[in-house]
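Note sheet for the following structure.
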Amino acid sequence: MCGVVGLLLADSESHTEVSHLLFESLFYLQHRGQDACGIATCGAKGRVYQCKGNGMAAKVFQDGARVIDLPGYILAHNGNLINAPELHRYLDEEAHRHVNTDSDSELMLNIFANALNETGKARVNVEDIFRSLTQTYQKCQGAWAATAMIAGFGILAFRDAHGIRPLLIGTRPSATIRGATDYMIASESIALRQLGFKDYRDILPGEAVFIQKGGKAEFKQVVEMKSYTPDIFEYVYFARPDSVSDSISIHKSRQNMGLKLADKIRVTLGDEGVRGIDVIIPVPETSNTAAAVVSERLKIPLSNAFIKNRYVFRTFILPGQKLRQKSVRRKLSAIESEFKGRTVCLVDDSIVRGTTSKEIVSMAREAGAVKVYFASCAPPLVYPHIYGIDLASPHEMIAHEKTREDIAQLIGADDLIYQDLDDLKQACAEAAPNGGVKEFEVGVFCGKYQTAVPEGYFDHLDEVRHKNRPSHAGEVPRGAITGSSNPVNGPDVNKPFTLQVPVSNLPKNVDHATLASVSGMPRTPENRDDISIHNIASEN
């Protein structure tokens, strides 16, 4: 999942509420990814518990889900480290720390933990944490929004120096302690607002915040802000329309995209071509806002003529082209009366591989459309996304080395209209308050990224993206989000293991094949790995 959440309640005895709130928050971020998710909590005695798996939150966190007892630090990270091979070498040859997976989260966690260890202190303070984080920034390159938990001490959140990945912090009054404050960190404002954290703000580029257990939030600019350039694809597609990111309303930015796109449609098709369009039809759901404005601007009726099956999820992030193709028709169906004998203009947020676009144009024609125009709120995507959204490799993108006419022919449209990049940037900037964000990360459209890209990184990224993709809900994913303060991390839970208690003593609702020996301690009732998510970190 390309979303993170951190939570610290004023009442240190509210263990069950913490896990429930984290669980609920993932539903508000589920649109950011479907492959895998995880939760980790820390109890009053500093004991850390984790539960993670492949699949969506509702599948992973069920009664009887395995919870692992872990030492040390926990980190959740959204983004990409573009110097991962260099960091691997540093950890192996200089820091002498073993890394078990290809996860950038594990890399960053080990860099940070090593910097903390170099303080030589058994107990670090807040300044030590910020100083170690500065060292982490000096070694890591790329984009990140991260939350980290230091067992028994507090919660840390930090954002890359360009502000590419989104991260917000919010507060609410404690429900159980008068005058105290609960804190929450999340990738989108909707998760904060829906859980009652209504007083929120963005964590700035290069800024970190540490919330000590029982204390207040301490903010620190750990490195200088290099730019304020959030990823524009958040506004185009990724974020929910009821979210606000870097003070920009996602809904308003998409309305502005619709205005710009309507003008581009008129320029491309001409007045006569526009008059020939009978209906504007959005491809649900991200493009709904923009399509409504296109309809109003061009004075052409709007019809929600594609019906979405809400039990099929986002298709561009599904692993595998055949699965994406099959998913499109599962996800959408056409109302034939809205297409039959008509010239239609379909509006979508973007075109990545062209899988969805081709199937949708085909569905429109099957429903009786005599002419089909296709309009995209985003420019052609021709370069890899290197900062944390798994779009596609360049050779998989339909616009790679092709003209607009080529793409229209490939998807079966009579004509294709793309938003101009300058208009897209202006649409988002105009939705920002005065003095707000004016520039954006747009490398996926033009190949100019906010950070320098190491030689060979694109090949490395392509290899990682196609290696060991999660496939079945409930499996333990390779992307570790945990680590310890010791030079060597705990055992890899993907490797074979030996049960340490008789099978007859194991709870009936635990799959024996998924239990792993993590801590090396006997599985007694007070030291079980198979705790339900509803009891996570519930210590006496």
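Every residue gets a Cβ built from N, Cα and C, even glycine.
A TrEMBL annotation is a machine prediction, not a hand-curated record.
These figures come from a predicted structure and were not determined experimentally.
Now, the feature entries from TrEMBL:
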type	residues	note
ACT_SITE	Cys2	active site, nucleophile
BINDING	Thr286, Asp348, Asp349	Mg(2+) binding site
DOMAIN	2-214	domain 'Glutamine amidotransferase type-2'
REGION	469-490	region 'Disordered'
REGION	518-540	region 'Disordered'
Of Asp348, Asp349 (the binding-site residues), the residue whose Cβ has the fewest other Cβ atoms within 10 Å: Asp348
Shell list (Mg(2+); ref centroid = CB of Thr286, Asp348, Asp349; cutoff 8 A): Val236, Tyr237, Pro282, Val283, Ser287, Ala290, Val347, Ser350, Ser376, Cys377, Ala378
Mean predicted confidence [pLDDT] for the domain 'Glutamine amidotransferase type-2' (2-214): 89
Rounded inter-Cα distance in Å - Thr286 (Mg(2+) binding site), the residue listed as 'active site, nucleophile': 17
Distance, Asp349 (Mg(2+) binding site) to Cys2 (active site, nucleophile) (CA atoms, angstrom): 19
Assigned element (helix, strand, coil) containing the residue listed as 'active site, nucleophile', judged by DSSP: coil
Three-class DSSP secondary structure - Asp349 (Mg(2+) binding site): coil
Surrounding CB atoms that lie within 10 Å of the CB of Thr286 (Mg(2+) binding site), all protein chains: 23
Cys2 (active site, nucleophile), number of other Cβ atoms within 10 Å: 19
